[in-house]
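Notes follow the structure.
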Amino acid sequence: MNDYSQLEKRLNYTFKDKQLIIEALTHKSYKKPYNNERLEFLGDAVLDLIVGEYLFKKFPKSDEGILSKIRASLVNESGFTLLARKIDLGSYIYLSLAEENNNGRDKPSLLSNAFEAIIGAVYLEAGLDTAKEISIKLLEECHPKIDLQSLSKDYKTALQELTQATHAVTPGYEMLGSSGPDHKKEFEIAVTLDNKTIATAKGKSKKDAQQKAAKIALEALKK
């Protein structure tokens, strides 16, 4: 994939340095002298600032605790995966054949990392304001209703309220394992009900994995 025009159109930004967008789209499995991990590191910090400032201005009466919860619900793997899919980012990523055959183009972790890298690349070339314009536009397109109730949802609390009402029990959370290097660990958590596993999920922290697993469990119990 050497034609990035459609991706740039969706971003509403054209890279002057094409090597920068190539690096942002290169997964480490592709075995080039470069990959997108450094740009991902930068993009993660840039997005944290952009979303933090956006929420600070949007909710002038909300305290730090509420703002942190809302930001955490947007600035995470599932949140960035949603934005990546909005611009069909998976179609442009450079992957190894093994990763390609392992459905790598649709992996949340891979999509999320590539999105962070793209924003990091935009920031390097065009600055914070342009990175902000792109990020906020996509954020608002994917979340037409950004408000306290819809974005500060605590899935663990919601699951507990549901299971206590319907089963008279409190859900449990069991650590199944962790993988990856120390600076980039991924944790797997299982939600149990009456000692039976009802959902599992992975996340960048134990809390993140618990929230994801609780969300999956909620959806399953409501069917």
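Glycine too: its Cβ is placed from the backbone N, Cα and C atoms.
Swiss-Prot lists 4-127 with the feature domain 'RNase III', giving sequence analysis as the kind of evidence. Taken together, the residues in the domain 'RNase III' (4-127) have a mean pLDDT of 93 on the 0 to 100 scale.
Listed in sequence order, Asn36, Glu37, Glu40 are the same-chain residues six or more apart from Asn113 (Mg(2+) binding site) with CB atoms under 8 A from its CB. Secondary structure from DSSP puts Asn113 (Mg(2+) binding site) in a helix. If you look up Swiss-Prot, you'll see Glu40, Asn113, Glu116 marked as Mg(2+) binding site.
Here Swiss-Prot flags Asp44 (among others) as active site. Cβ environment of Asp44 (active site): Glu116, Gly120 lie under 8 Å away, each six or more residues apart in the same chain.
Summarising the annotation, Swiss-Prot assigns active site to Glu116 (among others) and lists sequence analysis as the type of evidence. All protein chains included, Glu116 (Mg(2+) binding site) registers 28 other Cβ atoms within 10 Å of its own Cβ.
Here Swiss-Prot flags 154-223 as domain 'DRBM', drawing on sequence analysis.
Applying DSSP to the domain 'RNase III' (4-127) sorts its residues as follows: 91 helix, 2 strand, 31 coil. Other than the site residues Glu40, Asn113, Glu116, same-chain residues with C-beta atoms no more than 8 angstroms from the centre of those residues' C-beta atoms, the Mg(2+) site, are Asn36, Glu37, Leu39, Phe41, Gly43, Asp44, Phe80, Ser112, Ala114, Phe115, Ala117, Gly120. Summarising the environment of Glu40 (Mg(2+) binding site), the number of other Cβ atoms within 10 Å of its Cβ, over all protein chains shown, is 21.
Counting residue by residue with DSSP, the domain 'DRBM' (154-223) contains 31 helix, 24 strand, 15 coil.
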